[in-house]
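Notes for the one structure printed next.
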Amino acid sequence: MAASVDNRQYGTHINAVVRACGPDFNTPLPSDFDLDSSSDDEDQNDDASFLKELIQKANAETEASLLDPRDEGTADQWIPRNASMVRFTGKHPFNGEGPLPRLMHHGFITPSPLRYVRNHGPVPKIKWDEWTVEVTGLVKRSTHFTMEKLMREFPHREFPATLVCAGNRRKEHNMVKQSIGFNWGAAGGSTSVWRGVPLRHVLKRCGILARMKGAMYVSFEGAEDLPGGGGSKYGTSVKREMAMDPSRDIILAFMQNGEPLAPDHGFPVRMIIPGFIGGRMVKWLKRIVVTEHECDSHYHYKDNRVLPSHVDAELANDEGWWYKPEYIINELNINSVITTPCHEEILPINSWTTQMPYFIRGYAYSGGGRKVTRVEVTLDGGGTWQVCTLDCPEKPNKYGKYWCWCFWSVEVEVLDLLGAREIAVRAWDEALNTQPEKLIWNVMGMMNNCWFRVKTNVCRPHKGEIGIVFEHPTQPGNQSGGWMAKEKHLEKSSESNPTLKKSVSSPFMNTTSKTYTMSEVRRHNNADSAWIIVHGHVYDWTRFLKDHPGGTDRILINAGTDCTEEFEAIHSDKAKQMLEDYRIGELTTTCYNSDSSSSNPSVHGRSDTIPLTPIKEVITPMRSVALIPREKIPCKLISKTSISHDVRLFRFGLPSDGLLMGLAVGKHIFLCVTVDEKLCMRAYTPTSSVHEVGYFDLVVKVYFKGVHPKFPNGGIMSQHLDSLPIGSVLDVKGPLGHIEYTGRGNFLVHGKPRFATRLAMLAGGTGITPIYQVVQAILKDPEDCTEMHVVYANRTEDDILLKEELDEWAKKYDRLKVWYVIQESIREGWEYSVGFITESILTEHIPNASPDTLALTCGPPPMIQFAVQPNLEKLGYDTQNNLLVF
């Protein structure tokens with residue numbers, strides 16, 4: 001590059017064009033400030049001019065951010081975002097990274113809209129003029145600083161710094177073994193120019209106390225209300241000596257790339273701690289507290305740790321590993337990534353390409369201010385290494401520290417690539433730290449910095465022409481693709497198939513495996529042919545439809561789609577092993593066609609053209625029901641009522657007030673939320689009538705942590721629902737279920753008609769809700785004469801859901817009989833059964849077995865297996881044909 005980027009202190013910011021947002025960012029500094037700079041004015045002006053040029057170039061080449069339809073109905077629907085961002089956690093909260101080729105196209109400075117985003121909850125909606133930052137704790141003068149006061153009364157520093165999430169490259173971890181984090185790719189880092197006021201100046205102004213008086217840590221707290229730990233703010237801390245160290249360049253930043261911070265990046269003010277992981281740089285900064293101990297936030301202890309490989313989440317909770325200080329992450333480690341060749345790039349092998357060198361390129365960074373001093377590439381698995389050329393635009397600060405990534409490149413012969421099985425890269429820093437050859441797994445999937453490997457395979461892109469196709473280890477988020485995903489599943493199959501074992505070790509494409517395009521898979525979306533995609537593999541589940549314990553709908557609602565995230569969210573390890581029996585091939589993407597265009601998209605690291613996803617016109621058909629099979633719909637929490645200490649009635653609004661839900665009687669829905677960075681899906685049956693317009697109701701029992709010894713963490717979904725504020729939005733998917741009541745004694749079971757004049761309805765715990773729904777539908781139709789006999793089992797009286805409604809209906813309608821069974825009575829005067837469901841209870845309270853009698857049941861599997869089914873059989877019920885299990 002023509003110049004280097006310096007790390008200096010400036011009196012006015014480097015970019016004269018600032019978007020209008022209220023404050024004046026060109027405020028001159030008081031003349032008595034020590035600018036703490038060792039450079040002369042000429043050098044300073046040259047550096048500022050160069051930074052301005054880089055920022056203007058980055059901003060000019062980025063399309064405008066827009067309101068994203070994926071945010072509609074969420075608390076973030078007011079925030080413009082770049083449409084190319086790869087999202088990790090569904091609709092909300094927003095977490096994502098920019099496409100890696102686009103980051104490399106922009107180079108040293110990343111446009112703010114393409115910088116990675118890590119949010120734990122909704123983005124606070126903040127006004128500049130109303131915002132204050134409190135500094136308190138072990139200081140002589142606790143103070144609230146307005147934004148204007150911060151800007152006017154302290155010196156400003158402006159410098160470039162690379163921020164990286166500690167989870168960068170985590171998806172590689174998740175391919176080895178699932179961590180508790182979502183799937184970061186290799187674009188979880190980027191460089192911006194940050195402007196703010198030094199933290200040490202603010203702390204000095206407030207009179208920070210000495211270490212001997214207990215001032216050991218400086219904690220930072222954000223503004224957002226989060227569910228973690230039963231409800232908390234995002235907070236973390238650093239040691240006092242770090243906070244006060246002038247060489248660390250720690251600032252309270254209010255500008256990024258010459259503009260005010262974007263909402264996703266912490267507007268109006270955030271922490272910037274160069275050389276540290278992004279998790280220490282609190283956004284929407286609200287409080288700074290000087291303390292004797294580390295920050296006590298849930299997120300300080302339960303995030304950003306590297307625990308030993310044998311420690312899983314359960315062991316970490318049981319033995320307190322989260323609280324051991326030696327495992328906390330602060331400074332970044334050394335890391336490097338190959339960006340050219342990009343994933344699925346094809347290099348044709350012909351007389352022209354073989355006469356020119358191929359340039360392999362990428363980025364590298366280290367932490368703690370350590371300079372990257374060497375990057376090496378190997379084509380033979382580490383036998384020999386080629387030293388790369390480094391492009392380091394940054395100058396060190398006055399203390400010799402480097403805060404930014406650098407770029408590297410090396411030229412290789414194309415014929416050498418043709419004979420290589422893979423390309424791997426490793427970097428070194430000035431402390432002679434380097435990257436390990438193999439991945440070291442940890443439960444949070446943090447700090448992955450093993451050699452970055454790109455596999456090479458021979459392909460025939462067009463008319464017999466030979467080419468090399470390059471494959472990165474993973475693709476970010478829930479995108480399919482990457483050699484690690486393929487090898488993970490091939491290795492499972494190879495245990496019983498020696499042919500597959502051989503193909504895993506081959507440097508060439510596995511041509512024995514059938515491949516399918518996405519368009520081919522989409523056509524198999526019905527009961528006659530139900531295909532799904534999981535981790536890039538195609539499975540035909542048609543023959544499993546009738547055996548699926550959750551009913552055919554749970555497969556059909558995802559048929560013809562990539563359902564990786566949902567499959568992982570709701571299936572056990574046993575189910576994942578069963579999946580292999582149904583694998584029929586791999587998902588492929590359409591290769592480059594050398595005759596289709598005059599442009600060459602592949603060859604020598606060209607980055608002058610970045611293909612963007614075409615904009616398609618979407619015409620939304622008018623509809624009267626909310627639920628759309630295979631799609632998630634956003635629903636807003638309208639009200640929440642506490643029925644008891646652990647039972648809640650939730651009312652959710654449908655996307656439009658005039659819509660019916662579109663859920664048949666007997667069917668259920670999935671609620672989809674993201675909790676602790678993982679998708680959580682649970683099935684619920686609404687208690688509201690299917691005829692209600694604009695909303696639906698759920699009665700939910702909240703399973704709190706620490707109550708039941710077998711489930712010390714409680715219920716993930718129920719606790720999350722209980723923590724939601726009014727106005728929160730979650731996703732709903734459905735309808736699901738194999739049983740549908742169509743009225744007047746008629747059912748459809750797996751699509752086949754059934755009829756009954758009498759129903760034995762056996763429920764346990766929260767399994768009452770589908771029974772309740774059928775009862776409600778029958779009673780609403782005065783011409784439906786179906787007899788209903790409900791036996792409802794619970795632990796105690798307090799656990800009985802919907803008792804008032806059931807009792808009222810039983811008094812009003814002769815065709816409904818209700819009987820309760822509880823394990824133990826906690827009050828005198830209980831007039832129903834105590835114990836478990838027995839033959840004698842059923843003999844007395846349900847109808848005799850007959851051809852026109854059906855038994856319906858829903859509840860815990862042990863209840864159905866050991867109480868309901870055997871006792872019905874004793875009474876002569878044909879449980880194979882006349883017992884319907886929701």
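Note that Cβ sites are derived from N, Cα and C of the backbone, with glycine treated the same way.
Copied over from Swiss-Prot, here are the features:
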{"type": "BINDING", "residues": "Cys165", "note": "Mo-molybdopterin binding site"}
{"type": "DOMAIN", "residues": "513-588", "note": "domain 'Cytochrome b5 heme-binding'"}
{"type": "BINDING", "residues": "His548, His571", "note": "heme binding site"}
{"type": "DOMAIN", "residues": "630-742", "note": "domain 'FAD-binding FR-type'"}
{"type": "BINDING", "residues": "682-685, 699-704, Phe711, 716-718, Thr769", "note": "FAD binding site"}
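The structure, with features from Swiss-Prot marked on it.
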residue: Cys165; record: Mo-molybdopterin binding site; Cβ within 10 Å: 23
residue: Arg682; record: FAD binding site; Cβ within 10 Å: 19
residue: Tyr684; record: FAD binding site; Cβ within 10 Å: 22
residue: Val699; record: FAD binding site; Cβ within 10 Å: 22
residue: Lys701; record: FAD binding site; Cβ within 10 Å: 15
residue: Tyr703; record: FAD binding site; Cβ within 10 Å: 18
residue: Phe711; record: FAD binding site; Cβ within 10 Å: 12
residue: Met717; record: FAD binding site; Cβ within 10 Å: 20
residue: Thr769; record: FAD binding site; Cβ within 10 Å: 22
Could you measure between the residue listed as 'Mo-molybdopterin binding site' and Met717 (FAD binding site) for me? Cα positions, answer in whole angstrom.
27
When DSSP states are folded down to helix, strand and coil, where does Phe711 (FAD binding site) land?
strand
Could you check what DSSP calls Arg682 (FAD binding site) once collapsed to helix, strand or coil?
strand
Reduced DSSP assignment, Met717 (FAD binding site):
helix
Helix, strand or coil at Val699 (FAD binding site), per DSSP?
strand
